[in-house]
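Features of the protein shown, as given by TrEMBL:
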TRANSMEM  6-23  transmembrane segment
TRANSMEM  44-65  transmembrane segment
TRANSMEM  85-105  transmembrane segment
REGION    124-153  region 'Disordered'
COMPBIAS  125-153  compositional bias 'Basic and acidic residues'
Amino acid sequence: MIHLLFLVLFAEGAVALLLMVKVGPLRELAMRGVDQVKTGKGPATVKTLACTLSVILMSNVASILKIQNRGLKLGTVSPMDQVLWRTHLLEASLIGYTLFLAFVIDRLHHYLRKLMTLRKTSSTSREEVEKLQMENRSLREKEEKSSSETKKLQREIAKLNESMKKLKSETEEHERKASVAEAHVNALQKQSEELLLEYDRLLEDNQILQTQLLSRA
């Protein structure tokens, strides 16, 4: 029993060491081994062994206490009781260390599995963050491009507004000149009409004078 407990204890110590220290692919092998133990009928078997060892541990502790009480009553401990006491103490210690290492291995496996899951989640989140950063960068570039295009369009609109103002001022100037020319034409027409009237009056006077001259002759 003691040799078997030593063997189990050394095996558990090796597994716990491989889980705590990463030595090449050995940690992955240890994780797979513990995964296999925790799947199927493994948990029920482990619980049964743990209960059996706990019963043996309590039996050894009871035997130790019994031997100690017998020694206290007798005032001395026989060599046989000393051998039994040491055997039970060694066996109880090995069983206790075995159960403790089994618990440590279970917790190490649990936290390592959770750590791997967190790392995968973290890598996925990091990729998503990088993707979002790239999208944000592309959006910023598009925004800068659209902003530059907007500024360009604003400059073109300002130039068009200036051209429209210039054309408007030129049109107003042409209209003013046209109105001045029209007024001048109207004045010339009026003056021409006056000259025609004066010409007609002179023709009448001339005819009258010619008539008077002919009558006197």
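Every residue gets a Cβ built from N, Cα and C, even glycine.
Here the transmembrane segment (6-23) has Cβ contacts under 8 Å with residues 29-31, 33-34, 94, 97-98, 101-102, 104-105, 108-109, 112 of the same chain, all six or more residues outside its ends.
Counting residues of the region 'Disordered' (124-153) by DSSP class, helix then strand then coil, yields 30 helix, 0 strand, 0 coil.
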